[in-house]
Amino acid sequence: MAVVEGSPSSTSIRDDGRKQGDAVVPIPESGAAQNEDGTDCVSNKCEDGSLKSYFRIFRYTDRIGWWTHAAALTCMIASGVLLPLMDLVFGKFVTVFNNFITGKATPAEFRSSLNDYTLYFVYLFIAKLVLVYIWTTLASTNAIRITRSLRIDFLKQAIRQEIAFFDLPEAGSISSHVTTNANLVNQGISEKLGLAIQAIATFFAAFVVAFAVQWKLTLITICIVPVIVIVTGICMGIDAKQENEIMTINSRASKLAEEVFASVKTAHAFWAFPKLSGKYAAILDEAKAVGARKSPNYAVLFSVEFFCVYAGYGLAFWQGIRMYKEGEVSEPGQIVTVIFAVLLAAQALTQIAPQSVVISKAAAAAHQLFQVIDRESKIDSLSEEGIKPAKCRGDIELQDAVFAYPSRPNIQVLRNFSLAIPANKTTAIVGPSGSGKSTIVGLVERWFAPLSGTVTVDGRNIEEYNLQWLRTNVRLVQQEPVLLEGTVFQNVVNGLAGTPMADLSDEEKQRLVEDACRAAYAHEFIEKLPEGYQTQIGQRGSMLSGGQKQRLAIARSVIANPRILLLDEATSALDPNAEQIVQKALNNVAVGRTMIVIAHRLSTIRNADNIVVMSNGRLIEQGTHDQLVALGGTYSHLVRVQDLGQEPDDDDEPQKDIKPEVGGAVIANTTSNVVEAVPDVNALDEAAAKKDNINLLRCLFIIMREQRVLWPAFFWLGIGCLAGGATYPALAIIFSRMMDAFALEGDKMVERGNFFSLMFFVVALGNLVAYAVLGWFCNVIAQKMVRFYRYTIFDCVVRQDMTFFDKPGNSPGALVSHLSKEPESLHELLSMNMGVIAVVVVNLLSSCILAIVIGWKLGLVLVFGALPPLVSSGYLRIRLEIKLDDDTSDRFADSTGIASEAIMAIRTISSLAMERQILDRYESSLRCIAATSVKSLTWTMVWYALSQSISFLAMALGFWYGGRLVSFGEYTVTQFYTVFIAIIFSGEAAATFFTYTTSITKAQHAANFIFRLRDSVLPENKDDHPPDASKRSNGAVTIDCQALEFSYPLRPNARVLKGVSVNIPPGQFVAFVGASGCGKTTMISLLERFYDPTSGTILFDGVDYKHVHLGRYRANIALVQQEPVLYQGSIRENIAMGVIDNGEPTTVSDEEILEACRQANIDSFIASLPEGLSTPCGSQGLQFSGGQRQRIAIARALVRKPRLLLLDEATSALDTESERVVQAALDAAAKGEGTGDGDGDERQGRKRTTVAVAHRLSTIKGADRIFVFSYGRIAEAGTHEELLERRGMYYEMCLGQSLDG
């Protein structure tokens, strides 16, 4: 009974420290935004996590919400008032018993009074049941509705920020904001808030009752309250500050994790697990250090609370018995009522503490959300302002534009740049990487504003136009195409976003989509997909090849018939045939509109009306192809470098015959196998799901077995729990003896009272020590555990094989969400909650034993009559809550995926003006959550209310039956009180036990998730330092692929490779070419052992590569991918990631790194940076241009000194000059230090075998052997010259790329 105990059974902090504390770094420079009502925004005025932010959450309530809030608030207060009323009834019972003992009432009168007061308990039970049910249901429903609106507003304000905001490291992980912070807010405004308000109502009502019954005794006893308030206040203040620090640190960890999970192939290729995990661990250690400072705080917080409560018992009885003797108190029941009322008030305060932890977290989380919400976007994509002309001609002009990226303000990218781009003409821009070409796209798209100078469209400053109007008239195809999850149809239709055509019927849209796909030469391959235009393409279009993604991106851009088309390396991912035809399609769509084309492959822009050559942010030449070639300057030099050098044939006829055939058939058909229907992933995960049933005790046993270092802490924790649990039986005995004292008279009564008051004080001292130990060691355990398991999840996810990441449920956003959620669920249980649960169990057992030993009749009736309903109602609530919890988190996880994907692809979203569409999609995914959750809640909360109120019935049964036993002389009053108090205490404890059930179920789920994840890591991937990696031989490798067949594990029916056999002698430079989707990149994946072939073998130096340790195998290889990946950290750290880690402390010198940079032609760029190699790369390396990132990635591969170098379109992002130098470097590196004389001997002497996938044929014409892939088979093989003579597919590709053909 909340009453009789000063029972700290419920004082437990529900969650000592961080619950899902992955919030996000405060955003700097949050302009002085205003809220909708015109008030200044929170972020400018209040400290982190202040209550202003908390109250502001409720502004998201709608009209119905305010009425339901009012109803819930009324019920919270009323249910809080019931407990003090029960104290009155309890006091009356004590007086009735005392009257009977002292002979003032006959047994019959005694039983009659007993029946009357028992009924009061029944009425209280019914009232509490109804009130708790109403407020819990309403509060939880309101919380879901409010956080739904908050999530929508947050995404709305985040998505409207200018692009520069997303490049700031301080922006934190937006998806972590949407999941973790929104979940924290939800927790802080649902039943936790209700419990806090209920406790506050109890606090005030208890004092009203106490003062009404005996004001003087109340004033004396009240001194314990301010002590508890002051100590709790100070401790919570300290805790909130530390909490904010931890949240900020965890945000950085989440951001790193998001980057790593999104680019896991790079981590595998370089066996970078220990390095990346080490980087992640360093951030976690910072959080752990802050968390360790919480221990003294928790030791003080809990021990002082419990000490005050029990010392209060002693003080009240010591004073009360004197007042009773002197006649100031008329009946002993008054003393009991006052004591319990004051203790109830104190206990109500202790119940506010754990809820206030959750509420302060919600405030901190809300504060961080509001910082983004209040930040005024410098370029607001959702703004309705600006003019919307009826027509757009498409004249663009840049005048004296000066620009530097906000993240690197000291480095000017454009310097007084002026350029006129006439309407309806094609203007091409060429130049080295980093010369400012893509920056022009950024300025025309209005992602950025120039520092000085102007950009005009149709003679008006671009800033005067409505942003949505501008972006729907300007469409962009990027170098690295980004598609969104969904079907082919949905992705192409995204191109209609923001235009009047977005409202057309589905039939009309289907027609437009097909027309656009035909124009982009995508219709044929789409028709051959399993479900045509309705085929799902996976996360970021993962089910498609690079060329297919690029063609869909082009279709998406032209579907709305924009006036201005920006192509930033739009055909870089296409093979020559596809490129030739897409180029024709682009030439088609260029008619009647302005085109700006950025290209490194000059064959794609030779027909442009004006070609602009840039260098270092300045315009150095412009004119047509012929004019510039005649000029003999920079452009002319680039042309000579790229020319493939074959003579065009005089006879054009074969060309005409072959082109349609190769262009049409090959490309269309080779891609037909790339996407198959994805099998039901649930079937794949069935086995995993079965493992989720390791029960909690076994989970805890496994965890404790792993954490031997924490055994001393667990030992002290156990001692503290035993002491805390033994408090309850001790109180029952002392209380019953104290009640006996009231039957005595005069000095004897006072003497007995003094002794037992002292005993109460001794119990208080015991609790002071026990809970100090508990608080301290619980935090020590929790901090170490959360650090250990957060690291474990990160480390295990990174080490999973590629099939794991192909599963739809394992997107980077979802995995980061697990990384935040699961360790926090464990932390929530293993912190103070674990101590409190242990105390409850000890109390329950010891109290039941004591009751049955002292008075078996009443003991058995209460143990088996009162406890089972308590336990079973709580257990039922657990089962229902698990289901509710899982359903809600799953539903929110889906919507988080939408938000996370949009933020990761923010440039694509903004260029398509899709912000409103994303918001609509997000809103509709959230809309159903409230409705479905309400249905589950209405049922769950019945049991919750029952578990909160059934103790009233238990008390009624105890008093009624115990009173009858006493009235018939079977029991003494001492026996009755001992049994009654012991059982009711344990009943209360059992009820509070169920307030921890959520943390128990979440922890069980989290532990199962971690164990399952750990078990699914392949044994070889667990090695940090592969055996003998450093002892690899130095010569080039021999590769022999025999009859390879391959299907992706999630698409077993789609054969990507069909009997491919390739023999690569040591030291050879081999190239794979062919149409998009024909299996070239799949070959690279097999050579890297991302996957194993379905059948056939790959011999590595004559040994089946499956027999070589995976890590040792990859130590011989370096990979450079088409879309280069850099991680947070400096350039030095990113390049050093390529160095083989053999477990010994090896540090790579700056000389070695700079040598690799020189080979990759990035050394002069690094030297020009103020911080040189120490320059931070920023999130995903986006501080640098595509070409710069690519060259850093090449340096990372070269510093590894690989025996086999795999280049998957490694130079596609480079400008011609860089490509030439890098290609020469790669060629030189491939040759190693050859010693032979003849050609064959030279190859034998080379130190490296190189396999390159390329679309730009000029990069591989010097290859020793070129394999032409088609339909997943090898169609032709030979040298450049041999293949040209054959006049086959390769010859066709060369014609497509020839500059003077």
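Each residue, glycine too, has its Cβ placed from N, Cα and C.
Those TrEMBL annotations? Automatic predictions, nothing curated.
If you look up TrEMBL, you'll see 1-39 (among others) marked as region 'Disordered'.
Through the fold, the transmembrane segment (64-86) approaches residues 1-3, 58, 121, 124, 127-128, 131-132, 134-135, 138-139, 141-142, 145-146, 194, 197-202, 205-206, 208-210, 341, 344, 348, 952, 955 of its own chain, all at least 6 residues removed from its boundaries and within a Cβ separation under 8 Å. Residues annotated as transmembrane segment in TrEMBL: 64-86 (among others).
Taken from TrEMBL, the feature domain 'ABC transmembrane type-1' applies to 70-361 (among others).
TrEMBL lists 120-141 (among others) with the feature transmembrane segment. Beyond the transmembrane segment (120-141), the same-chain residues lying 6 or more positions past its ends with a Cβ under 8 Å from any Cβ of the stretch are 68-69, 71-73, 75-76, 78-79, 82, 85-86, 89, 189-191, 193-194, 198, 930, 933-934, 937-938, 941-942, 944-946, 948-950, 952-953, 955-956, 959.
Taken from TrEMBL, the feature transmembrane segment covers 193-213 (among others). Residues of the same chain lying 6 or more positions beyond the ends of the transmembrane segment (193-213) and with a Cβ under 8 Å from any Cβ of it are 2, 72-73, 76-81, 83-85, 87-88, 91, 135-136, 139, 221-222, 334, 337-338, 341-342, 344-345, 348-349, 351-352, 355-356, 359.
What TrEMBL lists as transmembrane segment is 219-238 (among others). Using a Cβ-Cβ cut-off under 8 Å and counting only residues 6 or more beyond its ends in the same chain, the transmembrane segment (219-238) has close neighbours at 207, 210, 297-298, 300-301, 304-305, 308-309, 311-312, 315-316, 319, 338-339, 342, 345-346, 349-350, 352-353, 356-357, 360.
According to TrEMBL, the feature transmembrane segment maps to 298-321 (among others).
Summarising the annotation, TrEMBL assigns transmembrane segment to 333-353 (among others).
Under the heading domain 'ABC transporter', TrEMBL lists 396-641 (among others).
Among the features that TrEMBL reports, transmembrane segment is placed at 713-735 (among others).
Residues or ranges marked as domain 'ABC transmembrane type-1' by TrEMBL: 715-1002 (among others).
The feature transmembrane segment is assigned by TrEMBL to 755-782 (among others).
The annotation transmembrane segment is assigned in TrEMBL to 829-852 (among others).
The transmembrane segment annotation in TrEMBL covers 942-963 (among others).
What TrEMBL records for 975-996 (among others) is transmembrane segment.
Summarising the annotation, TrEMBL assigns domain 'ABC transporter' to 1039-1296 (among others).
For the transmembrane segment (755-782), the partner stretch with the highest count of Cβ pairs under 8 angstroms, out of 298-321, 829-852, 942-963, is 298-321. For the transmembrane segment (713-735), the list of distant contacts is 4-5, 7-9, 306, 310, 313, 704, 756, 759-760, 763, 766-767, 769-771, 773-774, 777-778, 780-781, 834-835, 838-843, 845-847, 850, 977-979, 981-982, 985-986, 989: same-chain residues at least six beyond its ends, Cβ to Cβ under 8 Å. This prediction places the mean pLDDT of the domain 'ABC transporter' (396-641) at 84.
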